């Protein structure tokens, strides 16, 4: 099994490093023909407008849309989530091209600017049911989007109460708790629909590999046989020991 990682811009190296830790080969994808040699694809976080312009420059959009329509597993993180959404709001003037396929509406930069990035303990019951480990995941949100609504075929994997985010009041795009008619209003940050997985946060920047393992098990070659992929969570890490991971991570 070979997993492609779209390598136009953003955290593609970090994703490839996590795949290596799980014993899976990850390859950089920059040209349409390179998609023919991979069984699945990760679209990493980065600057979505820049990534869209580079994808258009390399004529990648038709091949990426065909890859999705063929039913091959695709995971979008942060900017990758925006790419996979059928609908996006909060875009820059003129908008940007989307791959589509995921029946949801995404708000670009929902949580604010770069300085409003944050980390939080995120409950992930569906992933824990598959991968085990602690009931929550230390999620890293960097200038992050959020999912405003989903279609009937979309499974919500994780959401966040708006009141739990300390930086929330500084972004007028986020409805404040006192302005909401619903107590405990939440925003969706991770979903799955068929062959598509999307997260608003960056699992590749943590020591916890459960999201990558969860995605890899969506690949037919893994589902049909016995998987040797074993995910690790932060509870299994020895913080006093020297890290052997290829890239810097947050623990």
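A Cβ is built for glycine as well, from the same backbone N, Cα and C atoms used for every other residue.
The shown structure was predicted, so the numbers you read here are calculated from the model rather than taken from an experiment.
The feature active site, nucleophile is assigned by TrEMBL to 78. Cβ neighbours of residue 78 (active site, nucleophile) (same chain, under 8 Å, six or more residues apart in sequence): 10, 44, 45, 46, 142, 143, 144, 145, 199, 200, 201, 202.
Annotation comment: TrEMBL describes 202 (among others) as active site, charge relay system.
Annotation source TrEMBL lists active site, charge relay system at 204 (among others). For residue 204 (active site, charge relay system), the same-chain residues lying six or more positions away in sequence with a CB closer than 8 A to its CB are 11, 14, 15, 17, 18, 44, 45, 77, 212.
Annotation comment: TrEMBL describes 46, 47, 48, 108, 142, 143 as L-glutamine binding site. The Cβ of residue 47 (L-glutamine binding site) has 9, 10, 79 as same-chain neighbours under 8 Å, each 6 or more residues away in sequence.
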- Out of the recorded positions 108, 143, 202, the residue with the smallest number of other Cβ atoms within 10 Å is 143
- Query: Cβ within 8 Å of the L-glutamine site's Cβ centroid: which residues qualify beyond 46, 47, 48, 108, 142, 143?
  - Reply: 10, 45, 78, 79, 82, 109, 144, 145
- Message: Same chain only, sequence gap of 6 or more: which residues have a CB within under 8 Å of the CB of residue 48 (L-glutamine binding site)?
- Response: 79, 82, 83, 96, 108
- Taking 46, 47, 48, 108, 142, 143 as the record's L-glutamine-binding set, what's the max Cα pairwise distance in Å, rounded to a whole number? 12
